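Following: one structure in structure tokens, then a few remarks.
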Amino acid sequence: MVATNRCCVFALLFALLLVHSLTEAGKGKEVLGKIKDKLIEAKDKIKSGWERLTSQSEYACPAIEKFCEDHCAAKKAVGKCDDFKCNCIKL
């Protein structure tokens, strides 16, 4: 009789632990989902800020001028950045 009651108590505790674990796992997914959404939102803000910055030619050229210089140097020319277009001028 006592052994049966202990079994029931342990089974009840196990069931409560299982329910608690499943509940916490659901909350964990919810928290991870919120973190993922915030990271996506931050990425979109950074990307739109960069696009806005580079859409203005006076700011874009310094950002890509080094790429243009390197690209044209490989062709044995001088690179000149002009409104997002890399112009290679041969010497």
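Including glycine, each Cβ sits where the backbone N, Cα and C put it.
Since this is a predicted model, take the numbers as computed values, not measurements.
Taken from Swiss-Prot, the feature signal peptide covers 1-25, and the record attributes it to sequence analysis.
Among the features that Swiss-Prot reports, domain 'BetaSPN-type CS-alpha/beta' is placed at 58-91, with the record citing sequence analysis.
The Cβ neighbour count for C81 (disulfide bond), using a 10 Å radius and every protein chain shown, is 19. The disulfide bond annotation in Swiss-Prot covers C61-C81 (among others).
Around the Cβ of C68 (disulfide bond), a 10 Å sphere holds 20 further Cβ atoms from the protein chains shown. Sequence annotations record features per position, and here Swiss-Prot assigns disulfide bond to C68-C86 (among others).
Taking Cβ-Cβ distances under 8 Å and a sequence separation of 6 or more, the neighbours of C72 (disulfide bond) in its chain are V78, G79, K80, C86, C88, I89. Sequence annotations record features per position, and here Swiss-Prot assigns disulfide bond to C72-C88 (among others).
Reduced to three states, the DSSP call for C88 (disulfide bond) is strand.
Comparing C68 (disulfide bond) with C81 (disulfide bond), their Cα atoms are 7 Å apart once rounded. C81 (disulfide bond) falls within a strand when secondary structure is assigned with DSSP.
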